[in-house]
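Participant: In case it's useful when we look at the structure, here is the feature table from Swiss-Prot:
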BINDING   12-17, 59-62, 97-106, Asp132  FMN binding site
BINDING   Arg350, Arg382, Ala383, Phe384, Ser385, Gly416, Leu417, Cys418, Ser419, Trp597  FAD binding site
BINDING   Thr461, Ser516, Arg517, Lys522, Val523, Tyr524, Val525, Gln526, Asp559  NADP(+) binding site
DOMAIN    6-150  domain 'Flavodoxin-like'
DOMAIN    206-448  domain 'FAD-binding FR-type'
Amino acid sequence: MQVPQLLVLFGSQTGTAQDEAERLGREARRRRLGCRVQALDSYSVANLIREPLVIFVCATTGQGDPPDNMKNFWRFIFRKSLPSSSLCQMDFAVLGLGDSSYAKFNFVAKKLHRRLLQLGGSALLPPCLGDDQHELGPDAAIDPWVGDLWEKIMVMYPVPLDIPEIPHGVPLPSKFIFQFLQEVPSIGAEELNIASSAPQTPPSELQPFLAPVITNQRVTGPQHFQDVRLIEFDITDSNISFAAGDVVFILPSNSEAHTQQFCQVLCLDPNQFFTLKPREPGVPDPPGLPQPCTVWNLVSQYLDIASVPRRSFFELLACLSQHALEREKLLELSSARGQEELWEYCSRPRRTILEVLCDFPHTAGAIPPDYLLDLIPRIRPRAFSIASSLLAHPRRLQILVAVVKYQTRLKEPRHGLCSSWLASLNPGQAGPVRVPLWVRPGSLVFPKTPDTPIIMVGAGTGVAPFRAAIQERVAHGQTGNFLFFGCRQRDQDFYWQTEWQKLEQKGWLTLVTAFSREQEQKVYVQHRLRELGPLVWELLDGQGAYFYLAGNAKYLPTDVSEALMSIFQEEGRLSTADASAYLARLQQTLRFQTETWA
């Protein structure tokens with residue numbers, strides 16, 4: 001009797017869906033099922049017709065969009081040419097992760113579940129809809145659903161009786177074995193870095209470009225609550241090209257102080273070199289990690305010790321702990337009944353992995369190095385809208401960065417890893433300051449026809465991609481650029497004020513501003529749109545304008561859509577149903593595009 005084979009495929013934007021997928025993989029191995037865990041876009045989707053048992057774990061991003069690492073799969077699975085019997089041999093389940101404060105809550109999971117049924121798949125259970133807004137987080141829905149799922153799988157796909165389960169509390173074998181080198185290898189610092197300063201091909205996540213920082217300038221006033229930076233990189237000889245609307249991905253590093261503290265708490269020699277040996281055949285090396293590598297480089301450039309740990313972190317840490325009191329507490333925090341306490345201890349105050357390890361020093365000091373890559377996730381790249389055009393700034397790339405800093409009940413303020421790291425970089429210091437980065441196409445696409453007007457609505461740092469678009473269109477001689485820009489105060493966070501005003505004086509730009517804190521009643525961009533309803537309607541309906549929106553995903557898309565609906569009804573004399581259909585047509589024809597973030 002063969003061991004049943006399970007495939008777990010995930011689409012993850014922030015790491016939560018990947019974490020849940022890895023957790024399912026560990027539970028499968030405990031039950032002695034054969035199991036593979038892969039990102040959807042790294043899996044050869046043509047093989048799906050031969051898979052008997054698949055669990056899909058997928059997040060919903062933005063306004064109902066699939067994560068970046070499942071977009072190719074998403075396009076393929078919705079091909080109209082796929083036969084309705086394509087997946088008739090597959091049993092499947094879909095676990096979704098979303099946020100019920102957004103209109104399209106778990107849209108990706110729901111739509112994928114329906115599509116798999118259309119293609120002949122058999123659903124083991126209704127889809128699980130994890131909700132970030134629940135007081136206990138997604139686990140409130142996931143835990144009971146996963147329990148039912150394993151019951152069903154083990155009945156339908158029984159394991160041979162002579163193969164016992166691995167009990168909880170016993171750690172599974174690590175994915176890799178750390179082989180520490182006795183002699184220091186003769187390699188340079190460049191080879192130890194995850195990125196290159198002289199790429200042969202366009203840079204990518206696996207081979208970023210080390211871009212020198214040219215300028216790092218604060219662009220908010222001294223009294224403004226937030227530090228916002230305009231940062232410029234030199235991309236000479238990088239093979240990087242980009243257009244307005246594209247996105248740059250940046251791979252941050254942990255601070256020297258945190259890296260040193262981590263090595264001390266775990267009793268690691270930061271200067272020790274190592275290579276990795278997979279424990280099982282066919283396991284690929286960790287992506288983007290050079291070998292041989294030093295412990296210092298692993299911790300500073302790869303392990304996300306500044307992230308807030310998930311429940312699975314506590315589960316594995318409890319298995320590894322040899323200290324009775326600490327182990328008992330870790331077991332409690334990782335149990336189903338301990339989720340409220342875990343929320344209060346970790347999620348609510350945004351306590352980091354490093355801080356948790358400091359709270360459990362006996363356990364941390366005895367963690368076998370082999371488990372570091374199982375225990376701690378990889379640092380994830382952060383995406384930024386490119387805020388400049390190569391036509392205006394050749395061989396340069398600019399971004400606008402809001403530095404994340406906030407206070408919780410913990411004594412130390414919370415800092416965003418990437419934004420704080422970028423803000424700390426000083427291009428004036430001795431030697432070049434370099435940042436690993438690469439570029440990908442963004443979600444915004446601008447019209448090439450010279451006489452097509454564009455309406456851009458940008459709130460705060462959401463204006464960044466529109467600066468790139470305006471620079472590009474001006475270089476091509478395209479007029480008809482209408483920018484609705486919203487910020488708090490004219491003298492504190494009016495980004496590129498002088499630049500916009502010069503373009504307006506020359507006839508290249510029509511600028512409409514909304515300063516929300518300069519009067520008693522707050523004024524936002526949606527109010528300015530309503531005030532200029534006749535102009536907006538004439539541009540959209542009379543001149544075929546494209547409409548763009550960028551900013552925070554929580555309220556802005558809904559507020560702006562409601563303003564547009566009002567304009568369509570008042571200026572276009574459309575009924576509510578016709579106005580809704582008009583807005584839908586704009587979206588379908590890419591004449592209404594959004595780039596939003598949570």
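Yeah, the Cβs are placed from backbone N, Cα and C, and that goes for glycine too.
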Participant: Can you give the largest Cα to Cα distance in Å, as a whole number, for the residues Arg350, Arg382, Ala383, Phe384, Ser385, Gly416, Leu417, Cys418, Ser419, Trp597 that bind FAD in the record?
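Facilitator: Binding-site diameter by Cα atoms for FAD: 26 Å.
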Participant: If you count Cβ atoms within 10 Å of each one, which of the binding-site residues Ala59, Ala383, Leu417 comes out on top?
Facilitator: Ala59
Participant: Validating a neighbour-count step here. Other CB atoms within 10 A of the CB of Arg350 (FAD binding site): how many?
Facilitator: 16
Participant: Looking at the binding-site residues Ala383, Thr461, Val523, which has the shortest Cα distance to Ser12 (FMN binding site)?
Facilitator: Ala383
Participant: Rounded to a whole number, how many Å is the Cα of Arg517 (NADP(+) binding site) away from the Cα of Asp99 (FMN binding site)?
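Facilitator: Each residue's Cα considered, Arg517 (NADP(+) binding site) and Asp99 (FMN binding site) end up 29 Å apart.
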Participant: With helix taken as DSSP H, G or I, strand as E or B and everything else coil, how many residues of the domain 'Flavodoxin-like' (6-150) land in each class?
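Facilitator: Helix, strand, coil within the domain 'Flavodoxin-like' (6-150): 58 helix, 35 strand, 52 coil.
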Participant: List the residues of the same chain that sit at least 6 positions away from Tyr102 (FMN binding site) in sequence and have their Cβ under 8 Å from its Cβ, in sequence order, or write 'none'.
Facilitator: Thr60, Gln63, Gly64, Ala553, Lys554
Participant: Give me the non-local Cβ neighbours of Ser385 (FAD binding site): same chain, 6+ apart in sequence, Cβ-Cβ under 8 Å, ordered along the sequence.
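Facilitator: The list for Ser385 (FAD binding site) reads Gly245, Val247, Ile399, Leu400, Gly442, Gly462, Ala464, Pro465, Ala468, Ala550, Glu595, given in order along the sequence.
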Participant: Look at the binding-site residues Val523, Val525 and tell me which residue has the greatest number of other C-beta atoms within 10 angstroms of its C-beta.
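Facilitator: Answer by Cβ density within 10 Å: Val525.
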Participant: Compile a sequence-ordered list of residues in the same chain as Gly15 (FMN binding site), six or more apart from it, whose Cβ lies below 8 A from its Cβ; state 'none' when nothing qualifies.
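Facilitator: Residues satisfying the criterion: Ser307, Pro377, Arg380.
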